[in-house]
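Asks: As annotated in Swiss-Prot:
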- 2-240: domain 'PPM-type phosphatase' (DOMAIN)
- 36, 192, 231: Mn(2+) 2 binding site (BINDING)
- 36, 37: Mn(2+) 1 binding site (BINDING)
């Protein structure tokens with residue numbers, strides 16, 4: 001397994017409110033965590049870095065080695081982090097702070113993930129890009145209800161309004177998923193600064209191109225910047241090879 005992480009401020013923003021990192025626990029199991037923060041001043045930067053780092057530090061200390069244990073860990077620790085960031089957000093300096101969150105662990109040939117907000121996790125297998133997560137956003141709710149067409153959703157002025165985040169008052173309702181991995185698969189975690197700028201077919205073409213993994217993440221970010229770079233752009237790309245998928 002090979003992992004490449006990259007974050008970029010984009011073309012329009014002055015600070016980067018995204019954060020990404022990966023961690024390995026005592027059982028040698030890898031977890032990748034990506035967050036896209038929100039809130040005025042530096043609140044968004046703090047929320048995203050805090051969520052990623054707190055969860056990562058907690059993960060490193062575990063011996064977790066099964067998919068079921070990961071799921072229980074997600075359910076417990078994500079809500080703890082939600083409340084922690086919500087409490088901090090009561091302080092005037094951090095008013096409105098929150099963050100999206102994508103957390104993905106790899107156990108043998110399985111990936112298990114938790115999703116909150118409108119960052120995304122995708123699987124690139126063969127010649128196809130499959131979006132594994134469904135955005136927790138107002139526009140996606142309207143789309144699913146048949147009140148918007150995909151084209152209208154794409155250009156909707158309220159596209160950035162999310163319906164769930166880490167740091168909200170109410171208990172979070174994360175989406176959980178698992179995927180059985182095959183040799184040659186790629187997993188992509190990204191903030192919306194990537195997928196608002198480039199299409200699934202462009203992602204697929206870049207990820208399946210014959211260049212080193214780090215060059216693929218750089219190319220994804222470059223394409224998003226060339227398309228306008230309207231937001232921070234963050235990607236975590238995982239390549240599964242023969243041994244991982246057995």
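From the backbone N, Cα and C atoms, a Cβ is placed for every residue, glycine too.
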Asks: So if I draw a 10 Å sphere around the Cβ of residue 192 (Mn(2+) 2 binding site), how many other Cβ atoms end up inside it?
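Replies: Its Cβ has 24 other Cβ atoms within 10 Å.
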Asks: Round to the nearest Å and give the CA-to-CA distance linking residue 37 (Mn(2+) 1 binding site) with residue 192 (Mn(2+) 2 binding site).
Replies: 11
Asks: Which state, by DSSP, holds residue 36 (Mn(2+) 2 binding site): helix, strand or coil?
Replies: strand
Asks: Any idea what DSSP makes of residue 231 (Mn(2+) 2 binding site), helix, strand or coil?
Replies: coil
Asks: Which entry in the list of binding-site residues, 36, 231, has its Cβ near the fewest other Cβ atoms, using 10 Å as the limit?
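Replies: Lowest Cβ count within 10 Å among the binding-site residues (36, 231) is 231.
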Asks: Can you check how the pLDDT averages out over the domain 'PPM-type phosphatase' (2-240)?
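Replies: Value for the domain 'PPM-type phosphatase' (2-240), mean pLDDT as a whole number: 96.
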